[in-house]
Every structure is written in C-alpha cells, then in structure tokens.
Amino acid sequence: MNIKSLITPLATLTAILMSSPSFAEPTYGFSQIGSESGWRTSETNSIKAEAERRGIDLKFSDAQQKQENQIKAVRSFIAQGVDGILLAPVVESGWDQVLREADRADIPVVLIDRGVDADPSLYLTKVASDFKEEGALAGSWLAAETNGNCDIVELQGTVGSSAAIDRKSGFDALIGNFPNMKIIRSQSGDFTRAGGKEVMESFLKAEGGGDSICAVFAHNDDMALGAIQAIKEAQLDPADDILVVSIDAVPDIFKAMADGDANATIELNPHLGGPAFDAIAAHNDGEDVPKWIKANGPLYLPDTAAAEYEARK
Amino acid sequence: MQFVSKPRPDAKTLAPVISLFVLIMGTSLVTPGFLDISIVDGHIYGSLVDIVHRATPMLLVAVGMAIVIGTKGIDLSVGSIIAISGAVTAVLTVNTEWLPFVVMGCALLAGMACGLWNGLLVTVFGIQPIVATLILMVAGRGIAQMITGGQIVTFHSEFFNAIGNGFFAGLPLRVVLAIVIVVATALVLRKTALGLFFESVGANAESSRLMGIDSRMLILIAYVFSGFCSAMAGIILAADIRGADANNAGLWLELDAILAVVIAGASLSGGRIYLGLTVIGALIIQTLTTAILTSGLPAQYNLIVKASIVLLVLLIQSSRTRDFVKSRLMLARRSSHVE
C-alpha cells in the first residue's frame, strides 16, 4: 500500500467530518444582481446579517448585472443541494428553465425585491415592496398635511419603469379622493438629481415663479434632492413654501430633512431577509405561503432624520 | 459669430438659425411668458436664460465633438469623460484640502488624459475612431464608479457652487465660461492655420500628410481638446447638483453632441468645422427639451416629439429636400403657365 492510496479515503473522511456541521445549520444560496446602488448594497448587507443572526450558512453570489451569472449561480446552488434559494432577478423573463430545475430538486426559491414572468408555481413567493402602496402612502401623508387642499407637481421616474408607473398610479388613486388635490404638472426626471433639478426649474418658471405650487411629489429621493436645489435657487423655501415628499429613504434625504429642506420620505425596504427566511421555514412546516409577501417600509419624518442620517451614513 | 469654414449665408447655413428662431417663437405661443426676461436680485432670469444655462455642458461637448468630427473622427466617450471629471472633482473636494483651482485642474487633466488615450488608439494603433472611443465609453463609467465608490458623492464648495449656479456681471457664470472657451477656440482656429489643417486632415489625411501636415499630431490634439471640453462640462454638471453621479452624469450626451454638430451642417465624413452653427445646434436641442418640460406634455411623448422636430430640422437642411421642393414648385409654376 502506497501513500497515494491512503490519501483518497483520508480526504473523503476529512471532507465528511468538515461538512458535518452543515447537517445542523441550514444552507441557503443568495444570488444578488450586483452592487450598483447604495440601496442594493444595504439590501445585501441586511440579508447577510439576518442569515448570520439565524445561524444560516448563506452562500452569496454577486452576478454583476448579468442574468447568465445568476442562472449559473442558481444551478450551482442546486448542485450543492442547498435548503433554499434567494434570487433577486436582474430581468423579468428567461427564468422558467432554471426555476423548473430548482422545483424538480425540491428546493424552494424566494424572489427578492423584483418579480419574474415565469409560472408562479415554479417559485415559493416574492418578497418585495408594493410601489402602489408607497405612492398611496405619500399621497395620504400629503392629504393629511394640507387638509386635502394642494396643487402638486410630480417628478416621475424613468418613463415605463414599474416603480414610476406604480408609484404614480398609487398616488393618483389616493388623491382622487380629495377634490381639491390635483397634479398640475408632471414630467419625467429620470430618477436622477440633474433631471429632478432641470424639471423642477421649468415647473417653477411655468407656474409663475412657483407661488401656486403647494407640494412636489418625487418618485425617488434623488430627484427630490435636485428639486430642493431648484426651489432654493428660485428664492423659495423648500419644505416650507413648497412641501417635498419622496420615496426610497437614501441617506442624503435624511440630511435634507434634518436641515429643514424636505418633509417626508418613504423607505424602500431593504430588510427583506427576515420575511424571506420566514417564508421558507413556513413552507418547510407545510404551511401555505402567499405568492407576494409585501414588505413595505415606513414613512420617515424630520423629527428622526438626524439620528437616521447618522445611522445610515 | 465666428465661422471656421466661412459658410456663405445660403439656405443651408441659414436653416439652423431659422429653425431655432421658429422653435422659440412656436414655444412662446404654447407657453405664455416663455420669452419674458427680467432682472431678479441683480441677475438675469427667465426661460430663455434657462435654455442657455442648461445648454452649456452639451454646448461645450459639441464644440469638442465638432473638431473631432472635422478630422473625420468621432468621440463616443464624452459622456464617460464627464462622469470621470465629475467624480475627480467631487472626491478631491471631499477628501483633500486642496484649493478649488487645483481640484479643477486635476479634473481637466483627467479629461485630457482620457482624450490622449482615445487619440493614441486612433493615431498610433490605427483603430477606427468609433471603436477606439467606444472602449472608453464603456470603461469610463466604470472608472468613474470606481473613483466614487459607486455612490453619489456630494460636496460643498463656494467655488464650485459659483461655477454651477453663480452669476458674473448678471450672466450665469457657466455661460460666461462657455462663451470664453468657444470664442477662444474660434479665434485659434480662424486666426491661425490650425482650423484649415484640421479640415484638410479630415478631408484627406494622406494627402495632408504628403503636403507636410502632421496628421497624427493634429488628430491627437483634436481628441485631447474634446477630452478637455468634456471635462469642463463634467465639472459644471457636478457643480450644478453639488454631487458626482457616476451612473447618470452625461449619460447619452454624446448623442446630443453629435446631433448638434450634424444640425450645424457638418458631414460625419469630416473636412468641415462649423463652430458657430454647432452652438446654434446645441441651443436648438436644449430649447426643445426646455420647451417640452414647460409645455405640460405627458412625459411619455417627450422623446417622440423631440425626434420628430429634430427630423424636421434635418429635412429642412437637406439639399435633396430643398431641390425636391424647388422642382415641385417649378413644375407647378410651369403647369400654371401652360394653362
């Protein structure tokens, strides 16, 4: 017997010994889109932290914005025999095949923060915010703040994006209940600061200096931050002369609120790990899980802004 | 206005000027108060001022682009250079105590280095300009994201606030800055033989070289200048929102800049540089954007309206359309004579 023939069984034994703790703690795979924005980075960190808190061995894969990388990652999770897969799909279509493979391997897949157009029976559930409810929450805050009397200008997101369409329709539906609330101007600022500033400048000019504008509703915080600068440059006081309400809760908007330049923001909830792991646990216990678990964030006001900014910066 | 190739005031050169005039008049009918200009707090204020104010970054990029296109090249990387110079401005302002002039110099140097890279790929390695600059167009945004760490870096500096939104002698400072750069460029091109050299390289690089013109050096200079103009635009755009947005700053601006050069009547096959008309072209595009924003048009129609009007301007400019209309008119006249 030579050394070589001894090594193989030894290595196998070691591997079995090393991997034995994984029988105790569940192993999940998480395929993330990438780290293109601050929000996505905090989503990744939140899910990793949640996994650690629950003693889950989380295998993380960054797809760098490519669907093929995500499909590869999901296949390798299946090959490793994980207990569940979290998938933040970069696009809506083209998932049927790989989801079917996971289904056949009896591994539950939870979609994170975005949907897919595949057959809903192929995945366990989707954990995501409801953009319509975000829009409605912004509208209801504004209605309460102005007693239902407000001429609003709206900064839309990129035309055709689901966030822009649904935030608008949720907001429109809510203010439709108040006869004296109406959107007097609405244009796309492409979700960017520069876009929000340019559009707000033209609104202020078109509305005779902005005296008739009661509030600005921006589909994201970045556009609101641009609009705040435009309002200041028109010699008006943002948050006072013109109310500013937006969605996402990025750190800079908390700074603006603390400085008295913005009124309210609604968080696009990045803490999706908890509900996702709960859903898989419930499924394993044989419970029924709804196809869409809504994980909406709260509305933040200036009173907590300074503390939130310190915590998030 | 200074023209490098002195165009005669024929229909072709008049077309952009008339288009701009008609566009402004048309908008003032749709949006009352569009033409109003007043003095607020000692500086000039109004929608027309906004147009010039907003147009400066694209106008600067278009001026650089006009010279590159004049040498039969094209620069697709301008948007990425904007992102890079904005990122450099923001990161240096936040992380160092350097004087704003030094920071600005570094941002401009970064842009010129990008231009040098483009120029070297085109001249030394003989890569086609559209491919050579495509590389930086794709990679440049990545470089900018690396510099900013993928976040929007916000900064506060009196100096850059002034460049973004300040006023000088009642005029927006950035407009003054753009005028200085455009006029200086026009003077250098027209009062020296440089403009002619650029155009001859664009018309025929090989025969220019045989005549003793250093084609390579000239092409290199064109790309470095385009990098400088883009960097300047990047500084203005970052100063405007007091932050560097690596993902979005200058996104698709290369297309607007190329369009401005084309509206000016320059051919993409090189040999002609019309600086003055390029400025008009840039103003036409910005007037369209501002007009659409103030008109109350639903957002989903923005692009189609913009494209239709640009198409109309280009059709007016095309000599073939004019010949067609002329021949039709003549036919109509002839037939009326026969009757």
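From the backbone N, Cα and C atoms, a Cβ is placed for every residue, glycine too.
A Cβ distance under 8 Å defines the sequence-distant neighbours of the transmembrane segment (B:12-31), meaning residues of its chain 6+ beyond its ends; these are 47-48, 263-265, 274, 277, 280-281, 283-284, 287-288, 291, 294-295, 309, 312-313, 316-317, 319. The transmembrane segment annotation in TrEMBL covers B:12-31 (among others).
According to TrEMBL, the feature transmembrane segment maps to B:51-69 (among others). Below 8 angstroms of C-beta separation, residues 75, 78, 82, 129, 172, 174-175, 177-178, 181-182, 185, 189, 198, 202, 222-223, 225-230, 232-234, 236-237, 250, 253-254, 256-258, 260-261, 264, 266, 268, 270, 273-275, 278-279, 281-283, 285-287, 289-290 of the same chain, each at least six residues beyond the ends of the transmembrane segment (B:51-69), sit close to that stretch.
Positions annotated as transmembrane segment by TrEMBL: B:76-92 (among others). Same-chain neighbours of the transmembrane segment (B:76-92): 57, 61, 64-65, 98, 103-104, 106-108, 110-111, 114-115, 118, 130, 133-141, 143-145, 147-148, 153-155, 160, 226-227, 229-235, 237-239, 243-247, 249-254, 257, counting only residues six or more beyond its ends whose CB sits under 8 Å from a CB of the stretch.
The transmembrane segment annotation in TrEMBL covers B:98-117 (among others).
The transmembrane segment feature in TrEMBL is assigned to B:124-147 (among others).
Residues or ranges marked as transmembrane segment by TrEMBL: B:167-189 (among others). Outside the transmembrane segment (B:167-189) by six or more residues, the chain places 2-4, 39, 42-44, 49, 52-53, 56, 59-60, 63, 67, 195, 198, 225, 229, 232, 236, 239, 273, 275-276, 279 with a CB less than 8 A from a CB of the stretch.
The transmembrane segment annotation in TrEMBL covers B:217-237 (among others).
Taken from TrEMBL, the feature transmembrane segment covers B:249-266 (among others).
Residues of the same chain lying 6 or more positions beyond the ends of the transmembrane segment (B:273-293) and with a Cβ under 8 Å from any Cβ of it are 1-5, 7, 13, 16-17, 19-20, 23-24, 26-27, 30-31, 34, 47, 50-52, 54-55, 58-59, 62-63, 65-67, 69-70, 182, 185-186, 189, 195, 198-199, 202, 256-257, 259-266, 302, 305-306, 309-310, 313. Summarising the annotation, TrEMBL assigns transmembrane segment to B:273-293 (among others).
Panel annotation: around the transmembrane segment (B:299-316), residues 15-16, 18-19, 23, 259, 262-263, 284-285, 288-289, 292, 322 of the same chain, lying at least six beyond its termini, place a Cβ under 8 Å from a Cβ of the stretch. Per TrEMBL, transmembrane segment is recorded for B:299-316 (among others).
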Listed stretch, out of B:124-147, B:217-237, B:249-266, that has the most CB pairs under 8 angstroms to the transmembrane segment (B:98-117): B:217-237
Long-range neighbours of the transmembrane segment (B:249-266), counting only residues six or more past its ends (CB under 8 A): 7, 12-13, 15-16, 19, 57-59, 61-62, 64-66, 69-70, 74-83, 86, 137, 144, 230, 233-234, 237-238, 272-274, 277-278, 280-282, 284-285, 310, 313-314, 317
